[in-house]
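A short worksheet on the structure shown next.
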Amino acid sequence: MKLMTMPSEFQKALPILTKIKEAGYEAYFVGGSVRDVLLERPIHDVDIATSSYPEETKAIFNRTVDVGIEHGTVLVLENGGEYEITTFRTEDVYVDYRRPSQVSFVRSLEEDLKRRDFTVNALALDENGQVIDKFRGLIDLEQKRLRAVGKAEERFEEDALRIMRGFRFAASLDFDIEAATFEAMRSHSPLLEKISVERSFTEFDKLLMAPHWRKGISAMIACQAYDYLPGLKQREAGLNHLIVSLKDNFTFSDHHQAWAYVMISLAIEDPKSFLKAWKTSNDFQRYVTKLIALYRIRQERSFEKLDIYQYGKEMASLVEGLRKAQSLSVDMDHIEALDQALAIHNKHDIVLNGSHLIKDFGMEPGPQLGLMLEKVELAIVEGCLDNDFTTIEAFVREELAT
């Protein structure tokens, strides 16, 4: 197969391939970018593989950076762009089901491609637009099928994270997993416990943000892989609820909304501990737990001004997005009206602060000062007090007199 037109991302990088070939080596576009071009999807990263060894690659170009030279990767700075160029390589026995014990550089493209995970990711493209397909990846692309390169059992035993990648690709590409590949994923799912939680989180997160995320979750359920992921053991019912409880065409607006609804569907009692088990950042934990709290408030009643002040318009909109996907009542105009009606959006908007209370009223730093500031803040938010210096002073005097 030959591409009639090279996408602009590849055209810009063609001089890189040309320079390498003029130096006497082979060079090709490889991996996900080739797959995405053939599927007419946006290209994110342009990866180049070459028969030149790292030091040989560095000798060809004036500006290079050693970003992973021990694995054969050199970053080339050329024509205003940055390109990762990796030497063809083979990999020795894997340790810990996630990384090869040794990487060996080779001159053969086919040897390099055979170590890759799925056939649709094992395609290469030369400078003339000719697709090199050693493992029937083009047929799999045409039939929307995800199939492991070579023996599926070996691919997943080498790197168990490929199981999560399989679920993610099913979700992002809307592909079905080929039977032998699926069976190997199922039988090797216990190895997911050997994978770092951070790497599993990255793949699961990408799955949830994919347009066909239900397909990825369904495959995960069918493989029973969830039993080997943090907080998901014996959670099949909750995962099924996650799939069926939202409208068919719904996709999550952002990562916070996705993980919040995962925990809502699973009826997680302690969201923070659940997210800690996934080793997420403290900021992520705080935002998602607040989002769940606001979702539960909305289950009981309509939003009020204090809700929008405390949680923010953006978070309230994420809640309404989930409600809309469940065919529940939604009122985005109400959120906008409440936000517009707020005299302040955070305590720093208040014209009077603690320093004024200490200076003008002789208050001491401590709990009483903090309580007075909270009273002022709440009164302004609820519309009982204007955000005006003189008015607030009068309010404070009255409060201190009682």
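Note: Cβ is positioned from N, Cα and C throughout, glycine not excepted.
Per Swiss-Prot, CTP binding site is recorded for Gly32, Arg35, Arg116, Asp159, Arg162, Arg165, Arg168. Here Swiss-Prot flags Gly32, Arg35, Arg116, Asp159, Arg162, Arg165, Arg168 as ATP binding site. Here Swiss-Prot flags Asp45, Asp47 as Mg(2+) binding site, drawing on sequence analysis.
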Counting Cβ atoms within 10 Å of each Cβ, the densest environment among the binding-site residues Asp45, Asp47, Asp159 belongs to Asp159
Would you give the longest CA-CA distance, in whole angstrom, between residues of Gly32, Arg35, Arg116, Asp159, Arg162, Arg165, Arg168, the set recorded as binding ATP?
21
Just to verify a number: CA distance, Arg162 (CTP binding site) to Asp45 (Mg(2+) binding site), in angstrom, no decimals.
19
Sort out for me which one of Arg35, Arg162 has the most neighbouring CB atoms within 10 A, since those are the binding-site residues we care about.
Arg162
Close to Asp45 (Mg(2+) binding site), taking Cα pairs within 10 Å and only the binding-site residues Gly32, Arg35, Arg116, Asp159, Arg165, Arg168, are Gly32
Under 8 Å Cβ-Cβ from Arg168 (CTP binding site), six or more apart in the same chain: what's there?
Glu203, Phe204, Lys206, Leu207, Ala210, Gly216
State the Cα to Cα distance, in Å, between Arg165 (CTP binding site) and Asp47 (Mg(2+) binding site), rounded to an integer.
18
Let's check the environment of Arg116 (CTP binding site): how many other CB atoms sit within 10 Å of its CB?
20
For Gly32 (CTP binding site), the nonlocal same-chain Cβ neighbours (under 8 Å, six or more residues apart) come out as His44, Asp45, Asp47, Asn121
